[in-house]
Amino acid sequence: MTTVRIPAGWPATEEDARAVQDELRARVVLDEPGPPPGTGQVTGVDVAYDDELDVVAAAAVTLDAATLEVVAEATAVGRISFPYVPGLLAFREIPTVLAALDALPGPPGLVVCDGYGLAHPRRFGLASHLGVLTGLPTIGVAKNPFTFSYDEPGAARGSAVPLVSGTEEVGRALRTREAVKPVFVSVGHRVSLDNACAHVLALTPSYRLPETTRRADALCRKALRAAIEPNEELAARARADRSRSWGRTLYERQRDPVTWAGRVLAAAAGEGPRSPAIEAVLAMAADRDQWSRGTELFGRARGAGIHAEDQLLFRLAELVAKLAHNAAGEPPYYDYHAGWAIGPLACRIAAASPDPALRHRLEAALGDWPPSEYVV
């Protein structure tokens, strides 16, 4: 496996990236037919990400075009080189994909990309970008049509219809399996559209997606797992950082944070019997005049040993008390970041509970829920 560093001078902004696309797009060759299907070698490339750890893994798998047997394979792992911006995804992938291709023991032949070539808002997708940089013939085979329109092709394998932008044909929707959703084929560099579709049909004898894509997808995922498995502690820290970031954003949206936090605690505690510790904090949170006594009331209950219940709920109550104390402006400020932790802790409480209704109550009280897993 090759380890990749982000190249010096790699675009850092959207403006820089679009300028590079504008410069390279003029070098795309569209008037060559490309290699005949079923001859020579054909290579699939694909990538897998772990955005939390800022890691990308790429794979290149070369097949004999006639037999579809694996001839060679290589992987590369590096840091994600560009933020996620629709239309600029090539800048996240190309350094690692190039390294994987360079690590192959022989020439890759035609390169099949999991993505777009000419079928791209700026007519310069990953397949075109990779082709211009390497000089190799490339095609893009995508699972979805992006923003382009098409009529449904016939149900039979091999049926194809234009993928269009206005009156311009930018690719084809190609049926590779009878009555199965088509794939979306576009020219990358140095291959005609007719030839590209013929290659894709030759690469899909049994499945919707080309064998090149299927094998490269499996290999890059394996490479990503191998890269991050030794870093479980790092992965946990990354998840915790994302959790805190979401919690801070959620907290800072609240006009009345203490009242909001009290509602979250009430939702977590439910309607059943509550300990004096929980009741004391709920009563305090509901009475602005009592906020300065929050930690005193809760500390007294805790000192009496009344916290043998769920420790996560107890911790949430403690955070609410500290938040109220801070809001009252009474020193000492026990926990300046107490409000940031309320959302993530509520998620942990929901995840630990066997009651499915608790998640809905907490989501309603929080006013939001994390877009991905933040339970740490």
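Including glycine, each Cβ sits where the backbone N, Cα and C put it.
Feature annotations, reproduced from TrEMBL:
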BINDING   D46, D114  Mg(2+) binding site
SITE      Y84  site 'Interaction with target DNA'
### Query
When the number of other CB atoms within 10 A of each residue's CB is tallied over all shown chains, which of the binding-site residues D46, D114 has the maximum?
D46
### Message
I want to verify one value. Collapsing DSSP to three states, which class is D46 (Mg(2+) binding site)?
### Response
strand
### Message
Counting only residues 6+ away in sequence within the same chain, which have a CB under 8 Å from the CB of Y84 (site 'Interaction with target DNA')?
### Response
D51, R92
